[in-house]
Amino acid sequence: MVEGWRNGFRDATNSKPLFVTIYATVIIGVLVSSFYVFSAIYSPTNGSSSFLSFPPLSTSGRIHSLPQENATLELPVAPPPPPQALPPPVLEEAQGNSLGKIWVSPPRDKKMPPLETFKLTKELFGERVKDNVIIVTFGNYAFMDFILTWVKHLTDLDLSNILVGAMDTKLLEALYWKGVPVFDMGSHMSTVDVGWGSPTFHKMGREKVILIDSVLPFGYELLMCDTDMVWLKNPMPYLARFPDADVLTSSDQVVPTVIDDSLDIWQQVGAAYNIGIFHWRPTESAKKLAKEWKEILLADDKVWDQNGFNEIVRRQLGPSVEGDSGLFYAYDGNLKVGILPASIFCSGHTYFVQAMYQQLRLEPYAVHTTFQYAGTEGKRHRLREGMVFYDPPEYYDSPGGFIAFKPSIPKSLLLDGKHTIESHFILVNHQMKQIRSALAIASLLNRTLVMPPIWCRLDRLWFGHPGTLQGSMTRQPFICPLDHVFEVNIMLKELPEEEFGPGIGIREYSFLDNPLLPKQVKESWLDVQLCQEGKEGCEASNNTSPSRVLKFPKRSNEDTFKAIFSSFDDVKVIKFSSIEDAFIGFSDKEREERFRRRVKRYVGIWCCEENKTPGHIYYDMYWDEKPGWKPVPPQTPEEDHPPL
């Protein structure tokens, strides 16, 4: 098209001046119109779906290098800034050129079609298939934000051959009006979060198996996904490398078996095959497996879907399929299976704890929030820490603004000596005390606290271990997910104010580096430097330097904080250069007691010491008030409770 305009303009310049004027006018008009149209489409204030205005999030991981020389470590509030976010994709690219458009809402004057319209049929699936592949997830209304995140990542990757199974009509209607392809699972489930391991959770697993068994006879390849995972890279070319595979499955493997993007070596994979990400081809062997798997689950409602899958697939393992594909025979000796490499089809451990893909210099395709704690809230927070979760715009511009601080950790706590339970708790407790002060200040100023990155020496698991999983690529020390130390679900829960005081909002440590943070937040900033009262220039005042820096006395009380910082209510982000010794306590003792009751519940456990029953150790938010406190497991059943 550009070449055509160029040739036309060249011809015009060789003819009459009138034509030159006409061509110039037309070209200018096209450029102005294009600018107007694209501005309207991608303006953040556009009334269309807010997801269309989001730029693709950074998928770069983060491993923090540790300075070895300084006696005291000044750690960043968040990791180094991610690569500059790409601009939003061209509308047709984001929505798919050949399939029905995504994120285009039906006209509001249109009535909701009858439920039968969304019935699972070959024709409905056929409308979304591309290259004979369909990508599917399913869930209920409680997981709608996960589902929208899942869909948005795929459309950012220019994938539109997707369908979402709705397990309740509330989700079905909500997705329909957002322009997301949806079908009715016919489950009529509750719209609330059912909880991992609950009977309803197991029912959801059975729905997955029934769905696979129903879809494979349609003749389409099925990439089946849980809603608590996101796609970071188009997996279609990778899956196409293994055309002979009947099933390609992810796994819970935490020890690398390969260092490139080959399939994991099946003989070395001892962990469970994880059915949160797996690809099925409509072969006779795959159909036979799906049918038997369904029958086993329907016959015994106590069998977990993933356990059932592992049991029948592992009836026979091997031999390898001829060639060097990495496939192997399993199940009945005819099923050809491949195990997706855990380094790039990541679990919550290989991605968030080990950052295995980054250490091996590989590009991750997906991350699944396994190996985590604190339930659904913990999963959401993990994805937020990784800057791969899509929240609505108001999440990034909270009323009251934000408070952040730069943690300070002595080098000796982080790097010196052996990595033991004692050295781990000394390190974490040092950070916990600073977080406790920051929570108090956030509560005083009615601001949302941006949590700092937390450094750990030891991994957290469900069983006794020597500190890290042997053979894994976990570095020590490492920035551990917030749910390793804090009960994220409790921090986000609405607790009765009369007993626990006002709620305290939190954000993930990477929040201020997120490309979705709006300009009005990034540019509204106050740096606070603590100083020793009595020294020159250090007095309780709201006077700032020309570079927008406020000097503030250490060991200030509640009244001083309120008096000074009330002058900065319009500032979005207040960042303290240090939080140590900033606050000496609440003036209102009843409020302080309610605050203590609240934050005592915020911390969790470390697990677990080897050869001890029980082997878990409770974190204690007020460890420093107990002389001689030691990190030891409960010695009696009466001691086995959080230190409330």
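All residue numbers here begin at 1 and follow the chain in the order shown.
Glycine is no exception: its Cβ is also placed from the backbone N, Cα and C atoms.
Annotation source Swiss-Prot lists N-linked glycosylation site at Asn46 (among others).
Residues annotated as N-linked glycosylation site in Swiss-Prot, with sequence analysis given as evidence: Asn70 (among others).
Feature annotation from Swiss-Prot assigns N-linked glycosylation site to Asn446 (among others); the stated evidence is sequence analysis. Long-range C-beta contacts of Asn446 (N-linked glycosylation site), restricted to its own chain and to partners at least six residues apart, with a cutoff below 8 Å, comprise Gly400, Pro502.
According to Swiss-Prot, the feature N-linked glycosylation site maps to Asn542 (among others), an assignment based on sequence analysis. Asn542 (N-linked glycosylation site) falls within neither a helix nor a strand when secondary structure is assigned with DSSP, and so counts as coil. Annotation for Asn542 (N-linked glycosylation site): spatial neighbours Leu550, Ile564, Ser567, Phe568, criterion Cβ-Cβ under 8 Å with sequence separation of six or more.
Sequence annotations record features per position, and here Swiss-Prot assigns topological domain 'Cytoplasmic' to 1-17.
Taken from Swiss-Prot, the feature topological domain 'Lumenal' covers 39-644. Per-residue pLDDT, averaged over the topological domain 'Lumenal' (39-644), rounds to 89.
Residues annotated as transmembrane segment in Swiss-Prot: 18-38.
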